[in-house]
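In what follows, a single structure is set out as structure tokens and then discussed.
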Amino acid sequence: MGIGGEIEVEAASEEDLKKFPQLVKGYIGPGLTLDQPMLGENTEERQTATGIPFFVDPRVVRGTSWVTGANEHGKHVANLVYGRDFSADGTLEACEVREGDPAPDGSGPLIAARGIEMGHIFQLGRKYAEALGLKVLDQNGKLQTVTMGSYGIGVTRALAAIAEGNHDEKGLIWPRNLAPADVHIVITNKDTQSHEYAETLSAELEGTGVQVLLDDRLKTSPGVKFGDAELLGVPTILVIGRGFKDGTLELKDRRNGEARDIAVSDAVREILAEIRS
């Protein structure tokens, strides 16, 4: 990260911190000890004494109270006012993450993207358990206060996230392990034989544990049925159409759009192989 185009900075490593034992990891502040937490005005004497330049984010405004580390393990200093209690060698945009900034782990530049909160975790500790007297027996038969947590998943948000990440201009494209059905059977023929076969095939597939969505609407055109199948986005689409009288069906992959003919006699085996591959 550049500062004014003059110097580059990066997160201090363990080796870096060893060079400055007066800085305690996790409790670094603009001072050296709890008794003398502030370094005072930004003077040449201060820089010479510490050898550590001190920068603040622009949001650390003058006249505002802050809490900072006291450079002592487990200790903090409160009610600090920038300009009164401490000053800095300069400002550094450190709080606001911007697209293009280098990632802290060195994996490359950061990319901004929208996201959806799928779930959350609250570590409640033992505060409420102690107040309510919630205890359990441990392996030694002794009562122990439970440690509580709250864990939530947004089911409706999950559906929205799946739809946002798995769709095209025609509709949804369900990931196979999340799809409401394994195969969508579309009948474009209006003859009784085609519909009877579709029902028989559906029953056979369901007998093997396959979830089937059967579109057996009689007064709906093939175009509407195909459009609905693509909109719903079941991973595998089986079409019982013009080739049925010649002993063939069409098996289509909703995600890549590839279609192939299969024999009526091999339909169950071919469909199982497709959805379990």
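Backbone N, Cα and C define each Cβ position, glycine as well.
All annotation found in TrEMBL is predicted automatically rather than curated by experts.
Positions annotated as domain 'Aminoacyl-tRNA synthetase class II (G/ P/ S/T)' by TrEMBL: 112-165.
Positions annotated as domain 'Anticodon-binding' by TrEMBL: 183-273.
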**Prompt:** How does the model score the domain 'Aminoacyl-tRNA synthetase class II (G/ P/ S/T)' (112-165) in terms of mean pLDDT?
**Reply:** 92
**Residues in the domain 'Anticodon-binding' (183-273) grouped by DSSP into helix, strand and remaining coil** = 42 helix, 25 strand, 24 coil
